[in-house]
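What follows is a single structure, written as structure tokens, with notes after it.
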Amino acid sequence: MADEFTTTVYRDEDADSTYIEDKTVAVLGYGSQGHAHALNLHDSGVDVIVGLREDSSSWPEAESEGLRVETPDVAAAEADIVQMLVPDTIQPAVYEAIEDGLDAGDTLQFAHGFNIHYGQIRPPEDVDVTMVAPKSPGHLVRRTYQRGEGVPGLIAVYQDATGDAKDQSLAYAEAIGCTRAGVIETSFQEEVETDLFGEQAVLCGGVTELMKMGYETLVDAGYSPEMAYFECMNEMKLIVDLIYEGGLMGMWNSVSDTAEYGGLTRGEYVVDEEYAREGMEEVLEEVQNGEFAREWITENQTNRPSYKQLRAAEEGHEIEDVGGSLRELFAWEEEKAEAPADD
Ligand code: NAD
Ligand code: MG
Ligand code: MG
Ligand code: MG
Ligand code: MG
């Protein structure tokens, strides 16, 4: 297998746990990432305080797992490392509540760089500002750790006041299991811009537009909505699973030669060199020049008018109706998905 990378991949032997073992970590939030970071750190012997709102339903849950819980301001004041794992749109408000608890030499850490990169949080100059971000949803961060494995992750240093920012990030990544798989160093700018571009142009935006347009093209031509749903939405998972496991060739090798020839010749009729590439460059430009960030920040400051409207329209698309009914035919799959994966 390819083991050549364009960048260094850090593993357990590159991490020195002494950079974290006498530190107290405040994990703010107990959602997808928060519960996984807090529990993995705790199991690795690191002193953890979970920071939650007093009325949070996660408070008793975290305590029942043996974790100490305080409000974010109290947790941050006591901690040496504050890991921000509340939703990105809420982070600026939570930061205001914890700001006074950041002493010189403390670390403010993130799992996504949006608020630092676009200036929504401006930490003092005497604290380290870092990122440790698993490339995976939280339940896998937790489940793999419990099996003695881990998920790949990113580290980044935005501000290094102590001189130890990178070593401490690696030690944190080790404590949550990421160096068992491999950790790559990036920058806040690169993480944010590639993340936003990927989700907008390809993963979330690109894929859904492609599916809806394919569905509409078939239905407008008189084919049945059920057939259109299967061909343009349902089967996407099968193809993506093949690509996830074996890359493009793994997928091409698994589909029929007819599908392969048709795909290789016709794909570019749709995602064409001229218009699609121009569109992607435009998406990237709005990410890089901050236009997208400004738009989204304004949305959040004005009760999300466009977001709500767009969401309602998506919910009302015919493919959602047809898909909802057809997915019930796959009810047997739910049993499989809900069964404990490994224990
Ligand atoms: P989430 O929505 O799953 O959880 C957020 C948590 O914050 C919830 O437990 C909620 O109770 C808590 N919370 C909400 N408001 C709060 C407040 N005012 N004070 C204290 N706690 C509050 O979020 P998530 O998906 O875990 O995302 C956290 C961070 O991790 C984000 O920066 C995100 O970009 C990043 N990230 C997420 C993933 C992922 O797969 N979910 C992967 C990598 C990075
Ligand atoms: Mg402190
Ligand atoms: Mg991403
Ligand atoms: Mg994202
Ligand atoms: Mg087919």
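Each residue, glycine too, has its Cβ placed from N, Cα and C.
Unlike curated records, TrEMBL annotations are generated automatically.
Just so it is clear, the model here is predicted, and its values are computed rather than measured.
From the candidate list Gly119, Gly138, Gly148, the residue TrEMBL records in the NADP(+) site shared with Tyr30, Gly31, Ser32, Gln33, Arg53, Ser56, Ser58 is Gly138. For the binding-site residues Gln33, Ser56, Ser58, Ser256, counting C-beta atoms within 10 A of each C-beta gives the highest total at Gln33. Rounded to a whole number, the distance between the Cα atoms of His112 (active site) and Gly31 (NADP(+) binding site) is 15 Å. Shown in sequence order, Gly214, Leu218 are the residues of the chain, 6+ apart in sequence, with a C-beta less than 8 angstroms from the C-beta of Glu231 (Mg(2+) 2 binding site). Geometry remark: Gln33 (NADP(+) binding site) versus Asp195 (Mg(2+) 1 binding site), CA distance 17 Å. Note: the CA-CA distance between Glu235 (Mg(2+) 2 binding site) and Tyr30 (NADP(+) binding site) rounds to 34 Å. With a cut-off of under 6 Å between the Cβ and any atom of ligand 1, the binding-site residues Glu231, Glu235, Ser256 reduce to an empty set. Note: the CA-CA distance between Tyr30 (NADP(+) binding site) and Asp195 (Mg(2+) 1 binding site) rounds to 22 Å.
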